[in-house]
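Report on the structure given below.
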Amino acid sequence: MDWLYSLIYGIVEGITEFLPISSTGHLILTGNLLHVPWPKEVKDTFEVVIQGGAILAVLVYYWRDFLKIRHIGHDRGQQRLWLGVVLACIPAVILGVLFGDTIKAYLFRPSVVAWALIVGGVLMWLLESRKATPDTHDIENISAGKALAIGAAQCLALLWPGFSRSASSILGGMLLGLDRPTATKFSFYLGVPTLGGAALLDFIKSREILAQIGVVNVAIGAVTSFVVAYFAIGWLLRFVSTNNFKGFAVYRVVVGVLILVLIARGVLQNGSLA
């Protein structure tokens, strides 16, 4: 059955990693509702490592764009873009190094994740209800100041598990004047170093833990995550070009309430997830 659990985890990760609905919240539901019999440390490490598949999907989807980095020496747009990505990563790196263990110890609880989903959904609805005219329509035109601010917004997902890294970075970008497609694309780019670094570090540190379920099952999860995420990226980009995020806002609230109901009924334990 391990292969089936790996497949399901990969599907859930691939769908939810880049959509603003919290992969953390959905992986919690998946693991608990399916009663996955893996030790907790295996489950936690597996969930992080298969993010590598989703990150690879971004690299493949945008491979032509990423190749433009070859011209960074004389292309001002590429210089602005990658300076922005580096600056946007700084707040998350600092926060993760200083407080990562504390956050995992005290904040990774289903109830915390549920309220993050609900509050994030409400904020998403309110942001989409305001009348504002975006002033940035290309990721190469994002200023250094805006990039750093988006990186700070992304930290909300670290401080409040379940808020969603993609949601916090996309909403932060929109609040700063990026249009939806531009904010979404920059969030994808930002996820490469942020999530890729975490996945690689966990893989290096925890190879012995992952050995408990075998390299084949890890590969199944990562490959499935890659394939599903690739199509999820394309779908989301098409969606945001003509739609707003209010549907995601409602969905987040529904999932958050569902988690709270499951906790109240004893189906889902509210102990620490870290």
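A Cβ is built for glycine as well, from the same backbone N, Cα and C atoms used for every other residue.
According to Swiss-Prot, the features are:
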- 1-21: transmembrane segment (TRANSMEM)
- 42-62: transmembrane segment (TRANSMEM)
- 81-101: transmembrane segment (TRANSMEM)
- 107-127: transmembrane segment (TRANSMEM)
- 142-162: transmembrane segment (TRANSMEM)
- 184-204: transmembrane segment (TRANSMEM)
- 213-233: transmembrane segment (TRANSMEM)
- 248-268: transmembrane segment (TRANSMEM)
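With respect to Cβ pairs under 8 Å, the transmembrane segment (248-268) is most closely packed against 107-127, considering the stretches 107-127, 142-162, 184-204.
Simply put, out of 1-21, 42-62, 81-101, 107-127, 142-162, 42-62 has the most Cβ pairs sitting under 8 Å from the transmembrane segment (184-204). Note: the stretches the transmembrane segment (107-127) and the transmembrane segment (142-162) are in contact (3+ CB pairs below 8 A, sequence gap of 6 or more). A Cβ distance under 8 Å defines the sequence-distant neighbours of the transmembrane segment (42-62), meaning residues of its chain 6+ beyond its ends; these are 6, 9-10, 13-14, 17-18, 23, 27, 31, 36, 188-189, 191-192, 195-196, 198-200, 202-203, 206, 209-210, 212-213, 218, 221-227, 229-230, 232-234, 273-274.
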